[in-house]
Amino acid sequence: MPDFSIENEISKLINNKHCTIVGVDEVGYGSLAGPVVSAAVFFPKHDNHITYNIQDSKKLTPKKRLEIYNIITPMVKWSIGLAEVHEIDQYNILNATHIAMQRALRGLNSNIDYVIVDGNKVPELPWNAKAVVDGDNISISIAAASIIAKVTRDKLMETLHIQFPQYNWNKNKGYGTKHHLESLHKYGKTIHHRNTFAPASGITKLYNK
């Protein structure tokens, strides 16, 4: 289970028990449709006795994710950043993800001391930062960010599903399930599909109601 070990190590390293250490994670990296969404999360207190079963969002059921989301969002400082489909197509998914992370961090409007990012790459930032491989299984701040980003993006894709029900986005959230791929070939691609991602990149037919 993730805990505050990394956050506490960084606090000791910079000799500041009350520093602002922000965890960052994203969702939607490999999706065929919809934006990439990042969350930035700061816990005012590092108390390992108060974990609320926070863990990598991928290990939680949708019901449990929402339950934890509702518990933690009032008690942490958090912000969301998005990179839209046209930005993913223009800049590539890695750069668009970094843009989403930068937007999430700027949205905190806080004096940030240190940033910990899930993965092996850190976006260009004006703060000290480090990448943490498998960070959503190690750091509570990153795990909380993964939950908030996931719940936020899922809600967004469920809203888009109302307009485009053929693609089943309320269930697959834009990822390449069999049903989604079949619908993509049958109905064509929408404005929410990533043109630089296969198979949308090879489909010329556009969705028309």
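Each Cβ is built from the backbone N, Cα and C atoms, and glycine gets one as well.
Taken from Swiss-Prot, the feature domain 'RNase H type-2' covers 19-209.
The annotation divalent metal cation binding site is assigned in Swiss-Prot to D25, E26, D118. In this structure, D25 (divalent metal cation binding site) is part of a beta strand by DSSP. For D25 (divalent metal cation binding site), the count of additional Cβ atoms within 10 Å of its Cβ stands at 31 [all protein chains shown].
On its own chain, D118 (divalent metal cation binding site) has G23, V24, D25, E26, A131, V132, D134, G135, D136, I142, A145, S146 as residues at least 6 apart in sequence with a Cβ closer than 8 Å to its own Cβ.
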